[in-house]
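Below is one structure, written out as structure tokens; comments come after it.
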Amino acid sequence: MSSAWSPFTALLVCVNLPVIQSESASSSAPARDDRTHLLDLSLAEFQTWLTEHGQPKFRAKQVFGWIYEKRVRDFDAMSDLPKTLREQLAKEFVIYRSQEAAVQTSRDGTDKLLVGLADGGEVECVLLRDGHRRSICVSSQVGCAMGCVFCASGLDGVDRNLTRGEIVEQMLRLQARLEPGERLSHIVMMGMGEPLANLDRVLGALETARSAEGLGISPRRITISTVGLPPAIDRLAKNGVPYNLAVSLHAPNEELRSQLVPVNEKIGIDAVLAAADRYFDASGRRLTFEYVLLGGVNDAPEHARELAQLLRHRTVLLNVIPYNPVEGLPYVTPSKRSIAEFRQILESGGVNVMFRQRKGDEIDAACGQLRRNRNAK
Ligand code: SAH
């Protein structure tokens, strides 16, 4: 197995954590704040605001440097700005607008945050420490409308899209957990929600993530995971930035995929694969397909054979993830034997495949579960 980074590292977000520490923040609701969320703005937009308010343009880079590089949380700490400007900015803008509703940390260096949004919505995001890598997994929506039957995030549907600033803020909150000399190295849009159903804001947030004045992360280290929405995949290809694309396949044929991923009924597996192929042609980035292995559902030898047929002539990495149990759902993690057999068929079928192991019995929840469990209390 290659040691190069792959997006699957980040699927740990769905492999939830053996908790060694769990904190809750106070739940008092913040007063309504009409100030502009600074994290919603690109550098160019902020420069425009400054010049329109009689300020030199170079202040924008200074402020961004304080926020993204020096990790400060309020304008007062920006010591090389004139005091009047600091006051003016604080009147007009807010930097952090969410709060940390809960934090879980695990012994393997993984931190999971439940972020409370200004309107009371909640999303999850995760920091994974793995060797020199500092990968984060970020949410794009409150809830999810895709309805994948085994996923906790979509059990109650979708409430709303996150703003650009709310997506960026998750990144900053996770960056703030690093040691001063450490940097975020990889981002995966594999948290709650369907990123391609909120594409403009996701692309805006990722622009901040990769720009030199933002987090400076190469698009080659950024992965967008999708259930497979062809028109949005084509828009992503036209955007021209070579992000990695991961497509959640989960089944090798139409009937089973429509059962597990209900939006497939209207789209069809061929259209999803064709759009993924076009993305590969346009971006040159190797595609990833994700396949959550559900015991007795999509883990039979014939499923592995069908899957090999589908993928063997494509330049792809298949990431097989044994199901992580979600309370209240009827699915089970496959047995070790059926996982091994599934793997063997794919490997001998010529598919470049990677298996993620379950993280043990301490695991308490799957993606979206931290939010569910707290709300159930
Ligand atoms: N909507 C996007 C991104 C969010 S889900 C998508 O569908 O790709 C990120 C990945 O986690 C998806 O592949 C999803 O199928 C997987 N996942 C969700 N619930 C899971 C569970 N209980 N066990 C294992 N993987 C899960």
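Keep in mind that glycine also has a Cβ here, set from the backbone N, Cα and C atoms.
These features come from TrEMBL:
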- GLU124: active site, proton acceptor (ACT_SITE)
- 130-362: domain 'Radical SAM core' (DOMAIN)
- CYS144, CYS148, CYS151: [4Fe-4S] cluster binding site (BINDING)
- GLY193, GLU194, SER225, SER248, LEU249, HIS250, ASN324: S-adenosyl-L-methionine binding site (BINDING)
- CYS367: active site, S-methylcysteine intermediate (ACT_SITE)
Students should find that the Cβ of GLY193 (S-adenosyl-L-methionine binding site) has, within 10 Å, a number of other Cβ atoms equal to 29
Of GLU124, CYS144, CYS148, CYS151, the recorded positions lying within 10 angstroms (C-alpha) of ASN324 (S-adenosyl-L-methionine binding site) are CYS151
Expected list for ligand 1 (Cβ under 6 angstroms, recorded positions GLU124, SER248, LEU249, ASN324) reads SER248, ASN324
GLY193 (S-adenosyl-L-methionine binding site) to CYS144 ([4Fe-4S] cluster binding site), Cα to Cα, whole Å, comes out at 4
Within 10 Å of CYS144 ([4Fe-4S] cluster binding site) (Cα basis), scanning recorded positions GLU124, SER225, SER248, LEU249, HIS250, I find none
For CYS151 ([4Fe-4S] cluster binding site) and HIS250 (S-adenosyl-L-methionine binding site), the CA-to-CA distance in whole Å is 12
One should report the C-alpha separation between GLU194 (S-adenosyl-L-methionine binding site) and the residue listed as 'active site, proton acceptor', rounded to whole angstrom, as 14
CYS148 ([4Fe-4S] cluster binding site) sits from SER248 (S-adenosyl-L-methionine binding site) (Cα to Cα, rounded, in Å) at a distance of 10
